[in-house]
Amino acid sequence: MAEKRDYYEVLGLGKNASDDEIKKAYRKLARQYHPDVNKADDAEAKFKEVKEAYDVLSDSGQRARYDQYGHVDPNQGMGGGFSGGDFGGFGDIFDMFFGGGGGRRDPNAPQRGNDLQYTMTVEFKEAVFGKEADITIPRTENCDTCFGSGAKPGTKPETCSVCHGSGQQEVVQNTPFGRMVNRRACSQCGGKGQIIKEKCSTCSGSGKVKKQRKIHVKIPAGVDDGAQLRMTGEGEGGLRGGPSGDLYIVIRVKPHDFFEREGDDIYCEIPLTFAQVALGDEIEIPTLTEKVKLKIPAGTQTGTYFRLKGKGVPKLRGIGQGDQHIKVVVVTPSKLSDEQKDLLRQFAALDGEQTHENEQSFFDRMKRAFRGD
Ligand SMILES: [Zn+2]
Ligand SMILES: [Zn+2]
């Protein structure tokens, strides 16, 4: 068997990585290698490797042991709580990230609510200048009547008498190979560890209700396409007093007809006539906020960029703004009157007698390329 890679290396982190960094790295890599989305042959193996690294490093006890002893020999039976066979079937990728994960836990322990994701499409300029909006998201919240317990007001859920609250039952079977002990979810309480005798009528005993919840969102100026805003505690309600999950708002920015954006900088193209660039001109340019005057010097070539400092997008973190870059595109007229044609012919005849240093070197270079130099 190939030698195991260092768990930190697997997640691309240093030994001092914080819990948050570990979680982030895991989410990113698990998304990348999840067999639902990645069809490469080694995706499953990679995914398991990432999962194993995360399982160990996200548990402070196991992480401390790993930091001290490294990979424990699996033959000693005290590995990081992971073995190939344990990992039967991959859940739906959405469940993975937004379902709080599996694992055997105390059925009575508080459980954090699920995270939710909402995609919000905004106009180009709304992303530049920021926006406030109310969105409505359907989410599961704790029932107000029973405060999430599921029991009718005035009553309380009782500890299950069969499993004594553990939610698990041991089933002993005698087989030709000896006694086998299986653990399974308690048949009386269904693994919850508690029995609700009188159910809350609002939520039918689930402790949860579906609500359309209006949430006020502040999109900061300067967000870009794909940005993710986290609204702490605005996800689904937790169980048994656990904290609520978070709401992630993914920003999609609509393209603009005239402006293009690259980070904090804005790009645009302006069409100019041959006469404008040859003789020079002063033109008006739209920026994100206003019109500004731009001087086009005589002899400007097509493809030349002009920069308007500070006319770009406000920086999301920090002070200042990007720039606006304006590319000159000289437009060749496609329809000419006879008089215009005559004048151009006269111009061409005159032009042929003159030498232009810049253009000369340009034509020289092209001639050399034709010769194969
Ligand atoms: Zn039970
Ligand atoms: Zn209720």
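Any Cβ shown, glycine's included, is placed from N, Cα and C.
As annotated by TrEMBL, domain 'J' applies to 6-70. Marked as zinc finger by TrEMBL: 130-212. The domain 'CR-type' annotation in TrEMBL covers 130-212. The Zn(2+) 1 binding site feature in TrEMBL is assigned to CYS143, CYS146, CYS200, CYS203. Residues or ranges marked as repeat 'CXXCXGXG motif' in TrEMBL: 143-150, 160-167, 186-193, 200-207. Per TrEMBL, Zn(2+) 2 binding site is recorded for CYS160, CYS163, CYS186, CYS189.
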DSSP three-state assignment (helix, strand or coil) for CYS160 (Zn(2+) 2 binding site): coil
PLDDT averaged over the residues of the domain 'CR-type' (130-212): 88
Those binding-site residues in CYS160, CYS163, CYS186, CYS189 whose CB falls under 6 A of ligand 2, listed in sequence order: none
Entries of CYS143, CYS163, CYS186, CYS189 (binding-site residues) sitting next to ligand 1, with Cβ under 6 Å as the cut-off: CYS163, CYS186, CYS189
Distance [Cα-Cα, Å, rounded] between CYS189 (Zn(2+) 2 binding site) and CYS200 (Zn(2+) 1 binding site): 17
Remaining residues near the recorded Zn(2+) 2 site, that is with C-beta within 8 Å of the centroid of the site residues CYS160, CYS163, CYS186, CYS189: SER161, VAL162, HIS164, GLY165, SER166, GLY167, GLN168, GLN169, SER187, GLN188, GLY190, GLY191, LYS192, GLY193, GLN194, ILE195
Any contact, the repeat 'CXXCXGXG motif' (200-207) to the repeat 'CXXCXGXG motif' (160-167), with at least 3 Cβ pairs under 8 A: no
Non-site residues, in chain order, whose CB comes within 8 A of the mean position of the CB atoms of CYS143, CYS146, CYS200, CYS203 at Zn(2+) 1: ASP144, THR145, PHE147, GLY148, SER149, GLY150, ALA151, LYS199, SER201, THR202, SER204, GLY205, SER206, GLY207, LYS208, VAL209
Intrachain C-beta neighbours of CYS200 (Zn(2+) 1 binding site), sequence separation six or more, cut-off 8 angstroms: CYS143, THR145, CYS146, SER149, GLY150, ALA151, LYS152, PRO153, GLY207
For CYS186 (Zn(2+) 2 binding site), the number of other Cβ atoms found within 10 Å of its own Cβ: 21
Nearest recorded site to CYS203 (Zn(2+) 1 binding site) by CA-CA distance, among binding-site residues CYS160, CYS163, CYS186: CYS160
Secondary structure content, the repeat 'CXXCXGXG motif' (143-150) (per DSSP, counts of residues): 0 helix, 0 strand, 8 coil
Neighbourhood of CYS160 (Zn(2+) 2 binding site) by C-beta distance under 8 A, where only residues 6 or more apart in the same chain count: GLY167, CYS186, GLN188, CYS189, LYS192, GLY193, GLN194, ILE195
Summary of DSSP states over the repeat 'CXXCXGXG motif' (200-207), given as helix, strand and coil counts: 0 helix, 0 strand, 8 coil
